[in-house]
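Working notes for the structure below.
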Amino acid sequence: MSSPSIAPVTPDLVRLRATARDKDDAIAQAAQLLVAAGCVAPGYDASMRRREGLANTFLGHGLAIPHGVGEDRHLVRRDGIAVLQLPEGVEWNPGQTTRLVVGIAAQSDTHITLLRRLTRLIQDPAQLEALFTTDDPAVIVAALTGDRAPDTSAAPATDLAERFEWTIAYPSGLHARPATRWAETARGFSARAQVRAGDQAADAKSLVGLLQLGLRAGDSITVSAKGSDAPALLKRLRAVMDSLTAQEKADAERAAQRRAAPVIGWTPPQAQPAIVGIGASPGVAIGIVHRLRAAQTEVADQPIGLGDGGVLLHDALTRTRQQLAAIQDDTQRRLGASDAAIFKAQAELLNDTDLITRTCQLMVEGHGVAWSWHQAVEQIASGLAALGNPVLAGRAADLRDVGRRVLAQLDPAAAGAGLTDLPEQPCILLAGDLSPSDTANLDTDCVLGLATAQGGPTSHTAILSRTLGLPALVAAGGQLLDIEDGVTAIIDGSSGRLYINPSELDLDAARTHIAEQQAIREREAAQRALPAETTDGHHIDIGANVNLPEQVAMALTQGAEGVGLMRTEFLFLERGSTPTEDEQYQTYLAMARALDGRPLIVRALDIGGDKQVAHLELPHEENPFLGVRGARLLLRRPDLLEPQLRALYRAAKDGARLSIMFPMITSVPELISLREICARIRAELDAPELPIGIMIEVPAAAAQADVLARHADFFSIGTNDLTQYVLAIDRQNPELAAEADSLHPAVLRMIRSTIDGARKHDRWVGVCGGLAGDPFGASLLAGLGVQELSMTPNDIPAVKARLRGRALSALQQLAEQALQCETAEQVRALEAQREGQA
């Protein structure tokens, strides 16, 4: 491969002995040099400043590389580099002084070669100091455009005995996920293996080494090997490299479609750079951003004997691998293989020979093991971040994260920050992901909104965000975590966008929108006790999804007419042991008494798939969503099912008005078996008969609704799981989550099929999934024939208001239109059409 050419830098684009008042002035001067040379159009400096809000362009060691955002590439007329020498320096960020500003204008990513060269310059302090003070612009030009960095001791890489040529066909280049597969494959053989790009080569078994090549789509590489099994290694590695291409292209296409999708709801009057994710909880909020990350800890250099240090490092690496394996296994159980792969890639970093070698070299020089490890991690991570590729910047974050895990084993004082380390000013919280318990514990006085790099819109974190009333977006990708703390942003949880550094005009528009929405919510809240009755007199029952007795009062205050879903798994999830029959009985009775005679539907334990409980000692499954969960688990674990049923029937005997609902029913025999167990326990306790219903969550149940209705007293549709199974999409997969849309016509047709089957036996149908809590979704469901809707309490006023403002005949017409649509986007467009006609 021939190395990509450096963007042109000539003496007229170098300004020596300049001074700047501040960072903005330095950026303006660099941009002016580019404008004068015809490289960019006027206004490019604004794009460079917007980039500063998205990422820190300070490389360290006195170097900064301001450049524009990708959306403004139309301002670049030709590639160019402008250099502003500032001998006296200027503060780039607090505590960071820049003495050489390298302004970049590039229509593509050809400047990665320049960034690689700059990282080498950083490793030569004497050469770098000369650039800060030279009076000759040719010296700077030579340093930036020479074939190699000043260090000439290293010879160009040569290939090994066996080889093949390959062109990178991954649209995002070689990032961590495919690089991990490459390294894993190569390590399965004894032969030495190498990947060469131009005059640079990396050990094919080293993840970090592969990433440091900075390979982009279209780059040509030579893969070579030497050893007894070299031919087999190369054959297998090439097969793996080829097999990843289709998935990488599909992922890139989905990401492009998401970015290009029209914005539904509020839009800023001025075009602003936005991080695009998936809307998870509606609402708009304005605030500074705060990135949740581990604390930056000073690591003390405490030298010890090399032998003792080696033992400490080995033990720390072993414990960290065990920790990551446990996290990976837990994530696989709860969220699926896609999210678990994150921790697999992190564990792969611990096998990197460059990282271990660099640590050992520092220890040999007499440094302490913790200090040496920290320095090695930072050196390599800084090199990855400096390549200017946002994908590789994300891998630098991964390396630092796993590095901190090892550091915590070596030095417990280096533990990271948590949710308690929030700024005094209310903020929009950014995180890789949050567990449901973390989300539930958020202080809504301190957190205005939530954005995560991972996750899906039907995840439990998203559901809890809606419960808390926090605007939230998920699946925004690694770029979210590159945003600097303290930057002002607008989060729109409806469209799934985070607008960075908005203008005053945009801020004013957002404030107006927030005030208007607040006024609407106040009107809805004032009428929340009114029934959900359409303008032509049709009544829809409204229930709340509630987990604990103490939550009932708030649900009733919001307008709930009962509890349409009590998730009993939360009695098992939030403790270290299985609740006893008596403990469950007390909870169910307390729930019923809090409802004071209003209906209560209790779902039997729904564990498995995305919900796992360590103390239940469930077996590991490769695909838990298609494994032993819901009713399948209950029938296999009478030690869990029967105490729960006894507790429920005891509560009913003592006056509780309740119904029992079984999850994940897939067949008639399952339902009959469960009914027989209920009948036996009821007879043993001499308890009253209770209505027994089932969840419709899988296509098999929807398709057999007419048959199941012979044996069930009612149906409740779980739209979150039904969507996942109908569309064959893991709802936690950030790459696919945008497509897991409950408004997909295929899902709506399954709901209609369920209703038609239930009507044959005069059974009522409810919905307790996320679609019920969306006013537009609730309108569709009512039009399809759903008789009861159960939702997060905070959603009740808006849903009731929407239903009261429509005629059933209009909702039925809307539902018929939706069933004829081809995509979820077409269904959503019906809402805009209806609102426009209203």
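Note: Cβ is positioned from N, Cα and C throughout, glycine not excepted.
Features of the protein shown, as given by Swiss-Prot:
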DOMAIN    7-147  domain 'PTS EIIA type-2'
MOD_RES   H67  phosphohistidine
ACT_SITE  H67  active site, tele-phosphohistidine intermediate
DOMAIN    161-253  domain 'HPr'
MOD_RES   H175  phosphohistidine
ACT_SITE  H175  active site, pros-phosphohistidine intermediate
REGION    274-838  region 'PTS EI'
MOD_RES   H460  phosphohistidine
ACT_SITE  H460  active site, tele-phosphohistidine intermediate
BINDING   R567, R603, N720, D721, R731  phosphoenolpyruvate binding site
BINDING   E697, D721  Mg(2+) binding site
ACT_SITE  C768  active site, proton donor
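If you compare Cα positions, R567 (phosphoenolpyruvate binding site) sits closest to C768 out of the recorded positions H67, H175, E697, C768. H175 (phosphohistidine) sits 31 Å from N720 (phosphoenolpyruvate binding site), counting Cα to Cα. Residue pair N720 (phosphoenolpyruvate binding site) / E697 (Mg(2+) binding site) shows a Cα separation of 8 Å.
Here the recorded positions are H67, H175, R567, and the one ringed by the most other CB atoms within 10 angstroms is H67. Recorded residues E697 (Mg(2+) binding site) and H67 (phosphohistidine) have their alpha carbons 49 Å apart, per Cα-Cα distance.
Under DSSP, R603 (phosphoenolpyruvate binding site) is assigned to a strand (E or B) in the three-state scheme. Averaged over the domain 'HPr' (161-253), the predicted model reaches a pLDDT of 87. Among the recorded positions R603, D721, C768, the residue whose Cα lies closest in space to that of H67 (phosphohistidine) is D721. DSSP assigns E697 (Mg(2+) binding site) to coil in the three-state reduction, outside any helix or strand.
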